[in-house]
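Per Swiss-Prot, these features apply:
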type: ACT_SITE; residues: 422; note: active site, nucleophile
type: ACT_SITE; residues: 425; note: active site
type: ACT_SITE; residues: 573; note: active site, proton donor
type: COMPBIAS; residues: 447-463; note: compositional bias 'Pro residues'
type: CARBOHYD; residues: 171; note: N-linked glycosylation site
type: CARBOHYD; residues: 293; note: N-linked glycosylation site
type: CARBOHYD; residues: 373; note: N-linked glycosylation site
type: CARBOHYD; residues: 508; note: N-linked glycosylation site
type: CARBOHYD; residues: 574; note: N-linked glycosylation site
type: CARBOHYD; residues: 610; note: N-linked glycosylation site
type: CARBOHYD; residues: 744; note: N-linked glycosylation site
type: REGION; residues: 432-476; note: region 'Disordered'
type: SIGNAL; residues: 1-14; note: signal peptide
């Protein structure tokens, strides 16, 4: 959340496209001392000629390590012989085991040329990666490697960005340097770094390439003058630490990636409800009024959020004593909990440099970043002059745990249920060089003035405590440099190679890259892209420290590869524009399916600027089919809570009704991803990997394996040209079969409160019999089963249930459904008591039998009142 403050400080230098000195004369390396066995290969790499020293000093001696880790994964690591060059710390990215794979059984084959050294990775004699396109460069502050690609490749990934799902292959640059990117502009570096790409090749399969490197980087995708396609890495440091992985289809490739960066965290049942937030709620009374208005409008609100407005002068771990006093905050949270609702607030990393508890305790424990002369490093953010936690400090977790357990104490503080962390790229409003953050804060009115104080709510809020009603109704540290932490003598502020950072210099609007962290002695230059993910890990641990037995929900803005192990992600400060509505689909799909961060969603209706009734109504429907569903907007703009407009309210009620009835399907699919890496939200080509027409689709998607979502894409439209692959589908609302033939079908007369949904043939979907106002109430509803037979007449599905919140489950329900030859087979593990299955609906039917309650030529529903307690068979035809 940056907002209008961007206008107050121009960028320190325009964005510069990665500088391109002539590197073609660089000699590359020669391989020698090659040692090879069935599981691995090692070699020495020696500079093959006179150093070119284009953007630093060429390293004379390197090492090569190749590991056949599994049949589907190959590890190729090129690093300095002395192992002094920085490598991503294992505490951030735990390394996978080297495995027990072998070259004989591996689907991937490694081949190399000795001089100049280059390597290829093949799958069934098909070249997937070929570094012979240019000589390898490994310098003190610059690494370069180029691989050939096939003509017109289908590439995906390389996030975070707001470009199309399928990446451009001409004159395209992806830059990795996390920044506070207000408005999430296209063709620029945004909040996160995910240096992995997927290359989908239809029938021959899908493979991915993950470069474990956290340094600033440009990735170029382009063609040579003679038309040859390539992809090129240009990094400011680190090593080449590649993981190649493959699958017969993109879903399998995504599963393989999860084995490298880690499986995503399972979320609590309630987190899939509707969330409401706004930057600019003036006091606790307005927050309470929003909660009341949702109830009054009959729109289920699961979780209420508060932005930095609750803080005393924007200081973390504080409450505005006049607008958000502790007593009232505890009453608000108590009301929410009494009504089976939840509460979340924001915590930023930057701590106000002032006489306050969080700063004083951090100063005493010496856990803030320091300059090289040992003084406190200071920036400027919302509270004014700030210090930044050093996530590498050995005592940082104790400090963070203590602040959380005190401020968010269930008995004496604000008893939050989840956490929102923001500004953790890290953001710094003070432009580079930030030599006087005090003056900058003063000149830019940081912290901003709060709104006038109110003593009570201006309107009655039935059900809230008496004091919520109108007055008429009631009243320098030494750093030790070790191995793998970075070469000495580098220019950490202005490296010779300039990546295309939209903010200009590396330190502009963020932490100074010359800072050296406590503990191991890592430089911010190398670890900048890890700051947000390290805050995420520490924050998740702090949340578990105060509530050890439950799953913590943490939503972050900044991410690095593997962040899904700890957190979910919202897509940042978007605009209330149709193009942002559309691009949120591609963004969400990339995070959920390719980056293994499945708890993801955009600010519904848009964050910045004034939304419109039509846009918000459409977005209320679309947002319901992401995993994370939150309405949020910016101070100074019109209110956009779903109850503000009648059509938006109706759209939200209809979409939430469907979402909540599907919540166990969502929960089951999410659980599966947390256990296996199999994606829940998926691009269309994930399910139809041999249909080339699907490879570029990013305005439709699958909500799990069973539901095709085809939103209306633009203003003023009441129709959508939806692509239906060669398969059978069923209209969600009517059950009418739709036979796809690999072509578009125009869906017409789509009301503003409606979103087209189709069930994929071959699916069995468990749904609740009706929706509810809270997820707690929802869990008491009975089940229904929808059977949508595929072209072969069969269908399958599953249901997973647990207590919905605990980290460790004492009992679960894990049921598999199969339909074949007119019989429904139910089997599985039945430890947990579940609601009855009151009915089974079979789609695609003509006249039904005597047990059919309803027959209309498209479906029949059979009353069952079945208890899910043992294996069962039900004859349906």
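Here the Cβ of each residue, glycine as well, is placed from N, Cα and C on the backbone.
What you are looking at is a predicted structure, and each value in this text was computed from that prediction instead of being measured.
Positions of Swiss-Prot features highlighted on the structure.
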residue: 171; record: N-linked glycosylation site; Cβ contacts under 8 Å, 6 or more apart: 222
residue: 293; record: N-linked glycosylation site; Cβ contacts under 8 Å, 6 or more apart: 641, 643
residue: 425; record: active site; Cβ contacts under 8 Å, 6 or more apart: 178, 179, 180, 191, 510, 531, 532, 557, 558
residue: 574; record: N-linked glycosylation site; Cβ contacts under 8 Å, 6 or more apart: 183, 184, 580, 584, 602, 603, 606, 607, 608
residue: 610; record: N-linked glycosylation site; Cβ contacts under 8 Å, 6 or more apart: 576, 637, 638
residue: 744; record: N-linked glycosylation site; Cβ contacts under 8 Å, 6 or more apart: 721, 722, 723, 724
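The Cβ neighbour count for residue 508 (N-linked glycosylation site), using a 10 Å radius and every protein chain shown, is 22. Note on proximity: of the recorded positions 373, 508, 573, the one nearest the residue listed as 'active site, nucleophile' is 573, by Cα distance. Cβ-based neighbour count (10 Å, all protein chains) for residue 422 (active site, nucleophile) stands at 26. With helix defined as DSSP H, G or I and strand as E or B, the compositional bias 'Pro residues' (447-463) counts 0 helix, 0 strand, 17 coil. Reported as a whole number, the C-alpha separation between residue 573 (active site, proton donor) and residue 508 (N-linked glycosylation site) equals 19 Å. Mapped onto three states, the DSSP output places residue 293 (N-linked glycosylation site) in helix. Using a 10 Å Cβ-Cβ cutoff, residue 573 (active site, proton donor) registers 25 neighbours.
When Cβ atoms from all protein chains are considered, those within 10 Å of residue 373 (N-linked glycosylation site) total 6, not counting its own. Look at residue 508 (N-linked glycosylation site): DSSP puts it in coil. Put simply, residue 508 (N-linked glycosylation site) is 21 Å from residue 373 (N-linked glycosylation site) when counted between their Cα atoms. According to DSSP, residue 171 (N-linked glycosylation site) is assigned to coil rather than to any helix or strand.
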